[in-house]
Amino acid sequence: MKIILFCGAFDMVHNAHIAMAKQAMKLVNADKLIFLPSNFKFFKAINKNDNLEYEKTKLTPGHHRIAMLKIATKNLVNIEVSDYELKQINKSYTINTIEHFKQIYGSEHEYYFIMGSDNLERFKQWKDWERILKEVKIICFKRGDVCVKKSCPQKSCECESFNFFEHEILLVNDFNYNISSTEIKKRHNLTSGIDPAVLDYINEHGLYALWLLEKHLISYDNFNNLEKKVARINHCRRVAQMCVDLMNVYDKKLIDQAYCAGIYHDILKCLDEQESVAYFNEHKSELNIGDDFISWRILHSYLGAHLLQTQYGFKNQLILNAIRRHTRPFDFIKDYSELTTLDKILYCADKLEPNRREEIDQINIDYYRKLVFEDLDKAFIEVYQYQQRQRK
């Protein structure tokens, strides 16, 4: 039996990962391929002094990466997803993973290991790299057009293998997927390069939200002070956490949706009056809002939900409605009973998150921060009434 081990962050899994798996299996006529998301980022520089960048470079929780891999591979034959490396308490090293699967399936089989040519260049930095070469055959996917052996003219390499410390490395040259998870997150172009069902999962759970918030809250913002730009993102993060904490009390099944609504609720808060009205006028027929809206300052809730749905493929109406209603919760509903638990939680979290201040944002704020965990309806009504009085 021929078994291929495919290790990596898979954060997020994209079409190139799936194409690599298929091509590797075809190359060696493999019987089984196992995806193994890792529990640690090796060789990645992390700036812990920049909180936003640090949060962006953290690995997405393993259960989400496993779920996305299972979605992306659900129709593929002889391809499995394993959480072996995720379960390791310490850093999971390739040599340990190889030994584990040889114990499971037996050492008499042929084992292969997929890597990119960028990793091959620093392979001697890997733990027990010489043992790895003895235990498995390497399938190397070439990145770029430069010959790994440094012997072919650039852009014309056709090497199928080469000798690496007396071990044959199988080379894949005709791989034409120029995709990376980081580039997808930077552009937040999630409508191409990944399985549509994976996109739905990402949106449903609010994954990679900081990249999208940064794109809109910073790129479109005219503040010169980076602190003020980042403050908006941090407000969204605090609201998201409070939404999660509240939903943990009121409906644990909706915790992910609570996070998603909280993290994205102010995605277009950066738009000024001219930009908000221009967006409104351009999409008026889709927004279903009359021209008599109370103030341009409340438009960001409707515009944000519209942006998420039309540009980024969000489908969950529970999340989208909560975002729409977080400034004017009673617009477009007939009575209080139509408001969802998520609507009320997002509204309260936005007004009561830890950085909101007494008198300026909400009177008796500590009282309401406690009350909202005990009686959501009472807290919502009283906070809403106070906010309405403040606007008069």
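Glycine residues also receive a Cβ, built from the backbone N, Cα and C atoms like all the rest.
Source: prediction; values computed, not measured.
Among HIS235, HIS283, only HIS235 appears in Swiss-Prot as part of the Fe cation site alongside HIS265, ASP266, ASP350.
Secondary structure from DSSP puts HIS235 (Fe cation binding site) in a helix.
Taking the C-alpha positions, the distance from HIS326 (ADP binding site) to HIS265 (Fe cation binding site) comes to 8 Å. Cβ neighbours within 10 Å of ASP266 (Fe cation binding site), excluding its own Cβ and spanning all shown chains: 23.
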